[in-house]
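**Student:** What follows is a single structure, and I will ask about it in a moment.
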Amino acid sequence: MGCVFCKKLEPAPKEDVGLEGDFRSQGAEERYYPDPTQGRSSSISPQPISPAFLNVGNIRSVSGTGVTIFVALYDYEARTGDDLTFTKGEKFHILNNTEYDWWEARSLSSGRTGYVPSNYVAPVDSIQAEEWYFGKISRKDAERQLLSDGNPQGAFLIRESETTKGAYSLSIRDWDQNRGDHIKHYKIRKLDMGGYYITTRAQFESVQDLVRHYMEVNDGLCYLLTAPCMVMKPQTLGLAKDAWEIDRNSIALDRRLGTGCFGDVWLGTWNCSTKVAVKTLKPGTMSPKAFLEEAQIMKLLRHDKLVQLYAVVSEEPIYIVTEFMCYGSLLDFLKDRKGHNLMLPNLVDMAAQVAEGMAYMERMNYIHRDLRAANILVGEHLICKIADFGLARLIVDDEYNPQQGTKFPIKWTAPEAALFGRFTVKSDVWSFGILLTELITKGRVPYPGMNNREVLEQVEHGYHMPCPPGCPVSLYEVMEQTWRLDPEERPTFEYLQSFLEDYFTSTEPQYQPGDQT
C-alpha cells in the first residue's frame with residue numbers, strides 16, 4: 001500500500017451535453033484545449049455524503065410528513081450489540097434520523113430496535129427502493145458498472161439527470177458486431193403536469209411504470225430492458241455508530257499485506273465481524289495529537305474514489321483503519337500478471353478514476369502530498385481509490401526530507417514542493433502526471449537511470465521524461481502540461497478528469513433519441 005497512509009470522499013457532477021453512445025475514440029486533443037486555471041480559496045469545508053434522498057431538507061420531510069417506513073436494500077449482519085441484523089426487503093420504522101450515517105430503527109418483522117446504516121435503506125415504495133435505481137452516479141460510472149462482467153445485453157439502470165433537476169437518465173447495455181458491448185443513454189423527461197416519458201408517444205405516471213413498459217417491449221429503445229444492473233453491496237459510512245476512536249484490542253491483525261517506510265499494512269478484522277485494512281505506524285513517525293486533528297478532517301472527506309477512513313487508534317503505535325481493497329496497491333497490481341496485461345483503455349480509465357477523486361479533493365481544498373501508484377488501491381472490477389492523502393505532512397522522520405532524506409518521494413514531487421515546501425493542489429497535479437507514466441509503463445520507476453539528486457537538478461531546469469513507449473502523443477501532451485514549472489499553468493483535476501473520461505468517447509451524441517430503432 002506504499003509508504004504513507006489511507007481514506008475516502010465525493011466528486012462534482014459532470015454535465016451531459018448533447019447525446020451519447022459508447023466507448024470509441026475521437027482524438028482527445030481535438031476536443032480539449034489548455035485549461036484556464038481558476039483561482040481557488042484556501043479554506044476546507046468538507047461535507048459528509050449520504051444516500052440521494054438524505055439531503056437535510058429531505059430528512060426533515062421524511063420525519064415531518066410521517067413517511068417513516070423504510071425498506072432494506074441489502075442484507076446486513078450486526079457488528080455491535082447496538083446494531084440490527086436485517087435482510088434485504090425487511091421493513092423498518094425509523095425512530096431517529098438526525099445523524100447522517102446511522103439511524104435508529106425498529107424492525108416491523110422482529111420488533112427489535114437498533115441502528116441501521118442509512119445507505120442500506122430507502123423509503124418504502126419510493127424510486128430509491130428499486131433495484132434498478134442508482135441515484136446520483138455519473139454517466140461514466142454508469143458505463144463502468146453496466147460493462148462489468150455478469151451483466152447481459154439489456155441490463156439497465158436509472159440515475160439522476162446530471163443536467164435537469166427532477167429528471168432521470170436510462171442507461172442500457174447493448175451489443176453489435178461493430179462495437180461489441182457498449183452503453184446507450186436515454187433522457188427520461190418529466191411532464192409539467194406530472195408523469196415521465198422518453199418519447200412523447202409513450203407517457204407514464206411514474207418511472208416504475210415506464211420501466212415495466214420497456215421490460216415488455218423495447219418500443220424504440222436499442223434493446224428490451226432485461227435485468228437491473230448488478231450492484232455490489234456498498235461500504236457502510238463508518239464501521240458502526242460512534243465507532244471512531246476505537247480500542248486497539250477490537251482489531252485483530254490477521255495477515256501482513258506489506259511493509260512501508262513508516263509501518264506495516266495488515267488485513268484485519270474489527271470486532272470479530274468486519275474485514276478491514278489496518279496501517280500500523282512505527283512509534284515516532286508522527287505526533288498522535290497532530291494525527292488525530294488531521295484524521296478528524298480526513299474522515300469528513302468521502303467520495304467513491306477515495307478509500308474510506310473507518311476508525312483510528314490514536315495512541316502509539318497509531319492504527320489507521322480503512323476499507324479493504326482486494327488487489328492492493330496499483331503499483332503492485334500493475335507489476336502482477338493480471339495488471340500487466342491491461343490494455344490502454346483500462347489504463348486510461350484507471351487514471352480517470354484517480355483524477356475524479358483528486359478533482360473532489362481539489363474542490364475540498366485538500367492536498368494529498370504523496371500521490372503515486374503505491375498510494376492508489378485497486379478493488380473488484382478495476383475500481384481505483386486514492387489512499388494515504390494528507391498524512392505525508394505529519395511525518396517527523398529526518399529521512400523524510402527532500403534535500404538529503406532517502407524516504408522522500410523526490411521523483412513524484414513538484415520542484416516548488418521539493419525545493420521550497422510549497423505543497424498545493426498544483427503540486428498534486430505534477431505528481432499525477434508522474435503517476436500517468438507509472439500506469440503506461442506498468443509500474444516502471446520514473447526517471448529510469450537517474451538518482452534523486454539528478455532528478456531534482458534536471459527537473460528544476462525544465463527537463464521532462466520522454467514519451468513512454470506505447471503512449472499516445474495526445475496523452476503525453478497532457479503529462480507535459482502537468483509538468484509545467486509555473487504551477488498556475490498546470491491543468492486542474494476537473495479538466496484532467498474530463499479529458500481522461502472522454503478520451504475514448506465516440507463522436508455519437510451523448511443521448512440517444514427515444515424513437516431510435
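Note that Cβ sites are derived from N, Cα and C of the backbone, with glycine treated the same way.
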**Student:** Just to confirm what the record says: which one of Tyr168, Tyr400 has phosphotyrosine annotated in Swiss-Prot?
**Tutor:** Tyr400
**Student:** Among the residues Ser45, Ser50, which does Swiss-Prot list with the feature phosphoserine?
**Tutor:** Ser50
**Student:** If one measures from the C-alpha of Val265 (ATP binding site) to the C-alpha of Tyr196 (phosphotyrosine), what distance in angstrom results, rounded to a whole number?
**Tutor:** 50
**Student:** Cβ-Cβ under 8 Å from Thr259 (ATP binding site), same chain, 6 or more residues apart: which ones?
**Tutor:** Val265
**Student:** Just to confirm: which same-chain residues, 6+ apart in sequence, have a Cβ under 8 Å from the Cβ of Tyr196 (phosphotyrosine)?
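**Tutor:** Same-chain residues close to Tyr196 (phosphotyrosine) (Cβ under 8 Å, separated by 6 or more) are Tyr168, Ile188, Arg189, Lys190, Gln203, Phe204, Glu205, Ser206, Val207, Leu210.
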**Student:** Using DSSP, tally how many residues of the domain 'SH2' (132-229) sit in helix, strand and coil.
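**Tutor:** Going through the domain 'SH2' (132-229) residue by residue, I get 18 helix, 35 strand, 45 coil.
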**Student:** Taking each of the binding-site residues Leu257, Val265 in turn and counting other Cβ atoms within 10 Å of its Cβ, which one has the fewest?
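**Tutor:** Lowest Cβ count within 10 Å among the binding-site residues (Leu257, Val265) is Leu257.
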**Student:** Could you pull the average pLDDT for the domain 'SH2' (132-229)?
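**Tutor:** Looking only at the domain 'SH2' (132-229), pLDDT averages out to 94.
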**Student:** Using DSSP, how many residues in the domain 'SH3' (65-126) fall into helix, strand and coil?
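**Tutor:** Tallying H, G and I as helix, E and B as strand, the rest coil: 3 helix, 27 strand, 32 coil.
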